[in-house]
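Peer 1: Below you will find the structure I want to go over with you.
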C-alpha cells in the first residue's frame, strides 16, 4: 500500500457511516432487498455486522461510491466491498424453537467436532464419527457448522457425509478436484455447501441427493458444465458459479422454483435461453464479465428481479422490453458498448442505482426526471457533453459521478440535489465551479481534478460537511480561501496548479490530515503549514523549496513528508525534530551529505534519497535501525562507487535500491541484513556476488541486471524464498545468458548444479594431468605458488612414493584448504592454471588447454 492509500484509509473511516447508509439504500446487493424474505434480509444484517452464518463470493465489481479517478487510493475496505457478493442463510427455521443465545451457549459442545474435523492431518486420515461419538460431541438437532477451509484436502472428506447434523459445510481453498460416492442417506440436513477455489472440473450427479440444500457455492473453479441433476434441488435458493468456464446457460435451472440469487459472472456465456422467465422468484442475477453481445430479452420478464449485473459484456443497446422490469432497483452495465439508452429504461421507477461507466453514451434523456428513487448514478468514461437539467428532479440522489467525459459545466439546477453527498467531475472541460454548489449542504466528497478551473468560489465555505476535495491539475493561481473555512475538511489535493503563496488562513485548518500541493510554484516551506498539528501527510514535491523553517517541529503528527524535486542543496536538519516521521522523500534534489542528526528520526521506516549529488554513500543512514526501505538509486544524480560495511547495521531493512550507480561490489557482510526482501542493484559494475548473499533467507526479489557478472554462485538455489530474479545484460558464462533469459530460478539452479558436477570432474582430470606430467623441480615451485608448506607435502616414505602420487596428494590438500574459503571448482581451476603459467609448465598447460576445448565442445 502506498502512503497516499494509507492516508485515504484514515479518511474512509470518517465517511464509513455515509457509505454504509448509501449502500443500505442503494439496493446494490441482495442484502439491500427490502422484502420480507429472511434469506434476503440476512444479507443486510451482514453489512451491519449481525449475521453469524455467511459465506462470500469474490468478484471484481467496482465500488459504486468510488469515482474511477480515485481508484488509486481506495482503501482495503473498499476493495473488499468491490469484490464481495454476499450470500447468507438464516439459522432460524420454522418449527425450530432454539434461539440464537441457546445456540451460542452450546458453542463448546459442537466446537469439539469442528476441532476434530479441522485437525492438521484431516487430509491424510478421514475422521470416523459414530453415532455414539456424535452424541458425546454434543451433536443434537442444532445447526452445526463444519469449516475445513484451506486444510490442504485432496479429496472430499466422505466420512463427513455420514454425520447427520451438519448443516453448514465449508470446504473452500482446498485441492478437491471432484466429489462422488454420496448415498441417499448422506448429509440429509445439509443446507449450505461451499467449495470455492478448489479446482473442481465438474459436479457429480449425486448432487441431487442433497434435497435440503439451500445454498451452493462453487465459484472460482474450473467447471464447464452444470449437470441436469441440479434441477432436483427443489429447495435451493442461492447458486454461485462465479468465475468458472461455463459456456452454455444451464436450461435445467428453470425447474428451480425457489431460486432467489444466481451468480454466473465471469464465465463464457454468449446466450441466455428464452426459458429464463420460469425463475419467477429470482431477485438477484449476476452475469458480469461474460460474452453477451445483446441484452437478453428473457431477462426483462423476471417479475421479482431487483438487482441485475451485466458489467463487462459487449452489449450495445437496450431492448424496449426493459420497461417490464418493474421492480428493478439496481442495474449495473459498466464496461459495455452502449451508444444510447432506450427511452423505455426511464420507466423503471424503482431504480435506485444505475452504473453505466465506460460506455459510449453521448446523451442522457431529460426523462431521467422519472428516477425519483435514484441514489447512485455513475456515468464515468462516456462521451457526454452535458447533463440534462431535469436531473435536479432526482431528489434522492446521493452519489453522482461524471468523470472522464466532455462536460463544460454542471446542470443549472444541481443545487436542488439536497441529498447529494458525492460529486465527482474529474477530467472534463470544466472552466469553473458554479456558485450554486454552496447550496449542497450534505456534500461530503467533491472532485474536480483534471479540468481548466482557475478559481474556487468563496461560497464553498458553506459546505460544512465536506471531508474530501480533489482539485489537482487545474489552472488555479491562488490558494482558495474558502477551503480554509471548512471545519470538516480532512483531505485536500491541489497538485499541479500554479499556487505560489500559502495564505495565513490555512493555519486555522487544524483538522486537516492529508494535504497535497506538489507541482505548484512554491518558493518556500510556509510557516503556516507548521500550525497544522494534526497533519499526517504532506506532499510538497516538485516545487522550488530550498529550506525548512524551525517551526516544523510543531507538526507533531506528521508521518509522511514528500519533498522530492525541489532545490535543497543541504540536508535540512530541521527535519530531524520530527520524531513521528515514518516516510521521507528527498529524491531529485542536490544533496551532497546528510546530517548526523538524522539519527533522531527514531521511527523512520522509508527513505528516498535517489538522484542526489552524494560524493560517498551517506554513512549516517546506517544509524537508522528502524529503517525498512532505502532508495539511493542515482539515475539522475552522482554515481556512488562503493557501499560501506556498516550497511549491515540497518537490521530492519526490507527493501534496498542501489540501482543506477557505479558500485563495483556488494559488501561481504550483506548477509547480515536478515530481513531483506527486495534487493535492486541493476545498472552497476558488480562483477562478484559475496557468499553471504546466500544467507538472505527472506529475499524474494533480486535484480542484478546490467552489471559485469560472469558467473552466479552455485548455491543460489538455496534461497528458497526467491520469487523474482533478473540477471539480464550481464556477460554471463556460468550459466550462459540464454539460460537466464527466462528469469526462472529452477532452470538456473539446475544448470549450476550440473555445472558444479562437471567442474569437479574436470578439476580431477586436471589434477591427474598435473600429477602425471610435472617434474620434481616444477612440483616444488608449484607448492610455493599454492602456499603449500613442505610439512604438508613431504611424506615419510618419500623414496618409495612416486612423484605422481605426491603431486596428486598435494593438490588434494590444496583443494581442501581452499574449500574453507568457499571457492568453487571453477575458481580453483583458474588459480591452478595461473600458478602453472607462472612456473613455466607449458607442456602441462597445453594438455589442460586441450582438455578445456574438448569439454566445451560437449553439451551436458
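Positions of Cβ are set from backbone N, Cα and C atoms, glycine also.
Heads up, here are the entries from Swiss-Prot:
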type: COMPBIAS; residues: 50-72; note: compositional bias 'Polar residues'
type: COMPBIAS; residues: 90-103; note: compositional bias 'Low complexity'
type: DOMAIN; residues: 764-852; note: domain 'Death'
type: REGION; residues: 1-103; note: region 'Disordered'
type: REPEAT; residues: 211-233; note: repeat 'LRR 4'
type: REPEAT; residues: 235-256; note: repeat 'LRR 5'
type: REPEAT; residues: 281-302; note: repeat 'LRR 7'
type: REPEAT; residues: 303-325; note: repeat 'LRR 8'
type: REPEAT; residues: 372-394; note: repeat 'LRR 11'
type: REPEAT; residues: 465-486; note: repeat 'LRR 15'
type: REPEAT; residues: 487-510; note: repeat 'LRR 16'
type: REPEAT; residues: 533-555; note: repeat 'LRR 18'
type: REPEAT; residues: 603-624; note: repeat 'LRR 21'
type: REPEAT; residues: 627-650; note: repeat 'LRR 22'
type: REPEAT; residues: 651-673; note: repeat 'LRR 23'
type: REPEAT; residues: 721-742; note: repeat 'LRR 26'
Peer 1: Helix, strand, coil: count each for the residues of the repeat 'LRR 22' (627-650), based on DSSP.
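Peer 2: Going through the repeat 'LRR 22' (627-650) residue by residue, I get 5 helix, 3 strand, 16 coil.
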Peer 1: Should anything in the same chain at least six residues away from the repeat 'LRR 15' (465-486) have a Cβ under 8 Å from its Cβ atoms, list it; otherwise answer none.
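Peer 2: Residues 11, 14-15, 69-70, 426, 441-459, 492-499, 501-503, 505-506, 508-509, 516.
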Peer 1: By Cβ distance under 8 Å, which residues at least 6 away from the ends of the repeat 'LRR 23' (651-673) in the same chain are close to it?
Peer 2: 610, 625-635, 639-645, 679-696, 703
Peer 1: Near the repeat 'LRR 21' (603-624), which residues from the same chain, at least 6 beyond its ends, have a CB less than 8 A from one of its CBs?
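Peer 2: Counting only partners 6 or more residues beyond its ends, the repeat 'LRR 21' (603-624) has Cβ contacts under 8 Å with 3, 564, 579-596, 630-638, 640, 642-644, 646-647, 649-650, 657.
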Peer 1: Who are the long-range neighbours of the repeat 'LRR 16' (487-510) in its own chain, taking Cβ under 8 Å and residues 6 or more past its ends?
Peer 2: 7-8, 10-11, 14, 449, 464-481, 516-523, 526, 528-529, 531-534, 539
